[in-house]
Amino acid sequence: MHIKVVHKSVKIKFSKMHGLGNDFIIINAMMQKTFPVTSNIIQNLSNRYTGIGFDQLLLVENSKNVNIDFHYRIFNANGTEVSQCGNGARCFALFVLLKKLTKKRTLYVSTNTTTLILNVLNNGNVCVDMGVPCFKLKNIFGENIIENSLHSIKFVNKIINYDLVSIGNPHCIIYVNNLKKYPVKKIGFYLSTHKIFPEGINVNFVEVLSKNEIALRVYERGVGETLACGSGACASVALGIQQGLLFNEVQVNLLNGILKINWKGGSEKLYMTGPAVHVYDGYFYL
């Protein structure tokens, strides 16, 4: 019996990393310009049974701006490109240091919609300047959204009230009384894929524990529920501060750990601090 061995021509190196269980593969696209970014390839790689398995794929690219250190691209597990990922930003910062792409511990990184400032702290945590939260809904969702209205939607026999915020990507935020018993996956999927959000939306379920602490679960568009969502933590805290429910410094309890969010409100920038972990390096063939 003869077995035909198929040799695939493109070898791609990657690092597996995670921020509180929100996991990624990161690829240095500055050195590996042949990596083809297609939805089909990303979906195959993200499969946790037949591929590597991850929530998002992150690319490190050269910046076209001399004042920016790197360009940061983010692809969800379903292959769609998005503009923000807070946990990914922390892993991005650790990656470029570990791979000696820079010696800087303060990095200026562009995305498709904004510029992030990433600070790698001496204790190994990363503090991310996430910019200014946006509550101007027409800037986020277009002219069909009514500003300052009570947003609600019917799900089975109940009415769900929600708020909308952007922190570089869109978030729908729902306050709940008992996060452990709430049907996060069912309602998360329903809202995330609803026709009122043609590009999808991240759905955040928030239980306010005190003025300086919340519990949070997030159903991410194009991924599903994740163990943590950095931008979701930022958006949820920003809304709580704006509504007077929270103080300016808040601990966010996610399924797999804790993030610290600091925002003084108004036009001030919001800061997120948390860990980033390198798991292993590997390669795959295409």
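Cβ atoms here come from the backbone N, Cα and C positions, even for glycine.
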Substrate binding, same site as N22, Q56, N76, G86, N87, N202, E220, R221, G230, S231 - Swiss-Prot member from N122, N123, N169: N169
CB-centroid shell, 8 A cutoff, substrate site N22, Q56, N76, G86, N87, N169, N202, E220, R221, G230, S231, site residues removed: D55, I74, V82, Q84, C85, G88, V218, V223, T226, C229, G232
Rounded to the nearest Å - Cα separation of R221 (substrate binding site) and C229 (active site, proton acceptor): 11
